[in-house]
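Visitor: Pasting a structure here, questions to come.
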Amino acid sequence: MSMYALLRNNPTPKMVDVEEAFQGNLCRCTGYRPILEGYKTLTVEGGCCGGRGRDDGCCMTNGNGAEESCEEDVDESTFLFNAADFAPFDPTQEVIFPPELMSLTTTQTSASLCFHGARATWLQPGSLDEFLRLKWKHPAGRVVVGNTEVGIEVKFKNMVYPVILAPAFIPELNTVTHTEDGVVFGAACTLSHMGAVLKQAVETLPPHQTQVFLAVLEQLRWFAGLQIRNVAAVGGNIMTASPISDLNPVFMAASCRLTLMDKDGRRVVRMDDGFFTGYRKTSLRPQEILLSIEIPYSKESQFVSAFKQSPRREDDISIVTAAMSVTFAPGSEVVEDLRLSYGGMAATTMLATKTAKRLLGRQWGEELLQEACSSLAEEMTLDASAPGGMVTYRRTLTLSLFYKFYLTVLQKLREQGVNVVEVRSDCLSAAEVYHPETPSSVQIYQAVLEGRGQNDVVGRPMMHLSALKQATGEAVYCDDVPLYENELYLALVTSSKAHANILTIDASAAESMPGVVSCVFAADIPGSNTTGPIQSDETVLASQQVTCVGHIIGAVVADTQVHAQRAAKAVKIHYEELKPVVTIQEAIAAQSFYQPIRTIQNGDLEAGFKQADHILEGEIHMGGQEHFYLETNVTLAVPRGEDGEIELFVSTQAATKTQSLVAKALGVPANRVVVRVKRMGGGFGGKETRTTLLSTVVAVAASKLQRPVRCMLDRDEDMLITGGRHPFYGKYKVGFLNSGKVVALDVSYYCNAGNSMDLSLSVMERALFHMENSYSLANVRGRGFLCRTNLPSNTAFRGFGGPQGMMVTESWITDVAQTLGRPAEEVRRLNLYVEGQSTPYNQMLGQFTLDRCWDECLSRSGYQQRHAAVNLYNKQNRWTKRGLAIVPTKFGISFTALFLNQAGALVHIYADGSVLLTHGGTEMGQGLHTKMVQIASRVLDIPCSKIHISETSTNTVPNTSPTAASASSDLNGAAVQNACEILATRLEPFKTKNPKGLWEDWVKAAYFDRVNLSANGFYKTPDLGYAFDSNSGRAFNYFTYGVACSEVEIDCLTGAHKNLSTTIVMDVGHSLNPAIDIGQVEGAFMQGLGLFTLEELHYSPQGVLLTRGPGSYKIPAFGDIPTHLTVSLLRDAPNDKAIFASKAVGEPPLFLAASVFYAIKDAISAARVESGISGPFRLDSPASGERIRNACSDRFTKLCPPAERGSFTPWSVQV
């Protein structure tokens, strides 16, 4: 929709327009690259050259740095689509914009409107006079223009505003006037409009007049997304009085004039330190409105800068914002006026008045800088328990941002000919304003050799079967199923306490509310209230005790979603609170563990440590991760009216598990429950077991009322209830030789399992199976402890413990390199496995390709040249540093639970020759159905167009394993192959009889000959089965290998970082579909990038999740893609252990994003050397701006020491 809107407004956009239009759009699957690449074809720079060639050759090959080194590889392909195949965009063929709507915008006169709701009255005044009268009559009425703030308060903060005033169309509030002193904007002007006017002014006015305008425009660049800026008003931004507003610091630093008005007249006030009177309060009287703001021209000797530091650059709320304005005595460097305004440092936007006063009359130089920093450190204090946390970081930022301003002003003074000290060349980069570069990318794979049949599409880059439907919005997801007659909506009632006994539940108020049909509690469950995917250690509905915030206690069923959710909030629960265990460290202290404690041991640890030249100990904590699938959990349950039958439409990766747990709760056999899954909007492991939390409750409600019941969780509910990736804490002791060869490792893993076992044991087992990553260790012991805590149970997440296990490995191998002062890549290479070696769990490595991946990654990334360039850059820059890291991965493919390594398929050939294919796997966007159709097409030797997959359901293929562990193509593909081979054999006699006939002829002949045209397929992975007690047996069928090299640049003053380049080489065997596999590699990499550098879940010390939506939890956006991204699928690497020599691809690439983390660590090391610090240091994951900044120890961090642990209650804790 963003692209459509852009093209409607600008049929010939540039890539920079596309990037701006996409701000605020999030995607969790693709890694963004294909979206940008697809849309690039609609831009001025994109599109096909039609064979005419461009400056650097044909558009199909330009930008591809791979040809030079690999010209002899004639079967190497570097494009996944041909832009020449696309119909050109023709704006004349678009549907016209509805004339009625067009006339509304041109003849817009503000009419008086009034809407009465059950709980609110919405008033739209027709004139300014009417608005003033209404505000006088309703002084507490909320004024709304874009509804970007009030809408959120009403939905998520349960605020009720009885009167809402909407003056968006009043002319006086929308006018823009240019005066002698500046530009006056009506308070209802949108931020987009304000930006356009200021841009125009900057282009036409002399530069010295537009300093304030440029500062506003700099903040608008990163202010929310275009959709928000198009409706949000400047007046709303001021009056919301947010302490972390991006614009208010600029308005304060510029001392903007505000015109206020009530029915008795107007007054003008300045935005100074008296305007904001408290948290979200201003000095306006209740009856007053804000009419306009005047943004002033700057003076000849005035310099203004604005800064914003946030977890993610685009579309993110700030941690600290600042705007600074300095005016000098003409022609000198003597400070005449100074205004330093900060957001995020108090309950209001504030001015550093004491510091500014101290610096008046001083010369702009080193002495002033010292004084300013000491004074700011004293003045800009924060309580150690301040909301938002990150106190040391925020205090340091106030100094760092002033230093950036100081350098910028020095440069500008010199440009004006004022005799000030020159900025050292190595400090120049600190004052640079960030401008993103348009990303470029290369994808390389082995093309299918000429001469293969056209029907055989295995190995070709075939488009995802649902791609067009998904792009147009026609793809049907669970909540798109049309409403049934009599359907009801369910809302959950959840615990607000982390650990408590339930004393009473009072639902009387809820039951009497409009639309409510029934409440559902534990007593209403007809079958068993105990549930759980493996251990039955959970309840469907809690009745006596709750063990986490978000624990489901009951549900309210009503006629609409609004009524159900409103009533659910009215259920009153009284608790007797118990002490919760929230963090891993608290669990260790309380010895709160689930059993068993797993151990894998090999070699002689004692002898290994004796042999070592050095022994080091270290630790690392790795935070959890929210799945953030774009479609939240949803279930629709439809009772069938007889024999206890019920049909469920569910967004789940595990149809069979859902069937069995629903049957158990309803007290019926599994054959009465049908679970149907059309597709999911993302799963990532989060829909493997935790979907049953919702499905069982919805099924119980539908069974009780004998009516269809639906529930789709809101994002905040989903994040609160369903758990995520396990946080891990790793402690290690490693022995190594002077050469860097590791000879002994003793490592302990602790994971935060949450309030039930779920899949935590299997997650920990996989972490232990990956504790050596790709390195050969003769003497090793790994132990895994499952911490029982009062958090929602953590669960499966892409990688399933593997990334956590390997992250600890890469931490100690980096420590080894830093201890010895050797390059990390040298130490990694020295310790890499070679063909034929055994893992700590005694599995021999055959068909080993990791060394090939490593060497290809070094050459494709130009590692040596890059390394030299990084070293040179770091010598030349003090406040920005670059880092480089190359990281391998070895990922075991199979379910660690033996029985799950099986799959079934059911194939029907109908008399008209069409084929209906069903298998046990579910489609969650990963392209599984597409690959299954490719496999069936090859085996049956028919075009893909004849084959259809409708859905996954428990009444077609029974007893299925969840779609997980990256093994679904292997397992289901082999089952599909099996079924299709059976059918091909049955059709063979008819082919032989009529060799020139068509497929349809053979099918018809077989049908008339009464041949069964339906077949079951089945597959189980052979020779698997590992035993922990004897450390023997094959844990995995095979391994997927990969290597990534990443380069980053960090800003040592703010902790921000840029992902400059990444090169990935992945061994996926003979790819079934290179387009889908490269998409999987990129999507997994970007999800890993979020895990290791950006995504942070914050919990209060009481176990309350504080990050419950995209406003506070940040997944990577378009701007986080590496500027240069190369993905190469290793050639000539067949895998004899899986279908058509392919390999699993879903999870293995995720860990390669650790290359970005360790490149950041490399850059921090370079910064620490500047401060005289060397050797290993602890950097926890994710490498957030806060952690990066605090680790770059320097003169500014020393002025802001952290508060002593234990002397305060933190806002959030590391769980």
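Cβ coordinates come from backbone N, Cα and C, glycine included.
Source: prediction; values computed, not measured.
Sequence annotations record features per position, and here TrEMBL assigns [2Fe-2S] cluster binding site to CYS27, CYS29. The domain 'FAD-binding PCMH-type' feature in TrEMBL is assigned to 115-300. The annotation FAD binding site is assigned in TrEMBL to VAL143, VAL144, VAL145, GLY146, ASN147, THR148, GLU149, VAL150, PHE223, ASP246, LEU290, LYS308. Among the features that TrEMBL reports, Mo-molybdopterin binding site is placed at GLN653, PHE684, ARG798, ALA965. The active site, proton acceptor annotation in TrEMBL covers GLU1147.
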Visitor: What is the biggest Cα to Cα gap, in Å, among GLN653, PHE684, ARG798, ALA965, the residues listed as binding Mo-molybdopterin?
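Guide: Maximum Cα-Cα distance: 12 Å.
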Visitor: Of the recorded positions CYS27, CYS29, GLN653, PHE684, GLU1147, which sits closest to PHE223 (FAD binding site) by Cα distance?
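Guide: Looking at Cα distances from PHE223 (FAD binding site), the smallest one goes to CYS27.
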Visitor: Counting only other Cβ atoms and using a 10 Å cut-off, which of the binding-site residues PHE223, PHE684 scores lowest?
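Guide: So among PHE223, PHE684, the binding-site residues given, the one with the fewest Cβ atoms within 10 Å is PHE223.
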Visitor: In the structure shown, with every protein chain counted, which of the binding-site residues ASN147, GLN653 has the densest set of Cβ atoms within 10 angstroms of its Cβ?
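Guide: Sorting the candidates by Cβ neighbours within 10 Å, the top entry is GLN653.
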Visitor: Measuring CB to CB from CYS29 ([2Fe-2S] cluster binding site), give everything in the same chain under 8 Å that is also at least six residues away in sequence.
Guide: LEU630, GLY682, GLY925, GLN926, GLY1079, GLY1083
Visitor: Over the domain 'FAD-binding PCMH-type' (115-300), work out the mean pLDDT and round it to an integer.
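Guide: Value for the domain 'FAD-binding PCMH-type' (115-300), mean pLDDT as a whole number: 96.
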Visitor: ARG798 (Mo-molybdopterin binding site): which of the binding-site residues CYS27, VAL143, VAL145, GLU149 is the nearest Cα neighbour?
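Guide: In terms of Cα distance, ARG798 (Mo-molybdopterin binding site) lies closest to CYS27.
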Visitor: Looking at FAD and its recorded binding residues VAL143, VAL144, VAL145, GLY146, ASN147, THR148, GLU149, VAL150, PHE223, ASP246, LEU290, LYS308, figure out the farthest C-alpha pair and report it in angstrom, whole number.
Guide: 27
Visitor: With an 8 Å cut-off on Cβ distance to the GLN653, PHE684, ARG798, ALA965 Cβ center, who else from the chain surrounds the Mo-molybdopterin site?
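Guide: For the Mo-molybdopterin site the neighbour list reads GLY683, GLY685, GLY686, GLU688, ALA796, PHE797, PHE800, THR963, ALA964, SER966, GLY1146, GLU1147.
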Visitor: Hey, how far is PHE684 (Mo-molybdopterin binding site) from VAL145 (FAD binding site), Cα to Cα, in Å?
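Guide: Roughly 38 Å, rounded to the nearest whole number.
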Visitor: Taking Cα atoms as reference points, rank the binding-site residues VAL143, GLU149, LEU290, GLN653, ALA965 by distance from CYS27 ([2Fe-2S] cluster binding site) and give the first.
Guide: GLN653
Visitor: Using the alpha carbons only, what distance in Å do you get between LEU290 (FAD binding site) and ALA965 (Mo-molybdopterin binding site) once rounded?
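Guide: About 57 Å separates the two Cα atoms.
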Visitor: Distance check, please: Cα of VAL143 (FAD binding site) against Cα of ALA965 (Mo-molybdopterin binding site), rounded to an integer number of angstrom.
Guide: 51
Visitor: If you measure from the C-alpha of ALA965 (Mo-molybdopterin binding site), which of the binding-site residues VAL145, ASN147, GLU149 fall inside 10 Å?
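Guide: Near ALA965 (Mo-molybdopterin binding site) by Cα: none of them.
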Visitor: Spatially, and counting Cα to Cα, which of the binding-site residues is closest to the residue listed as 'active site, proton acceptor'? Options: VAL145, ASN147, GLU149, GLN653.
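Guide: When the Cα distances are compared, GLN653 comes out closest.
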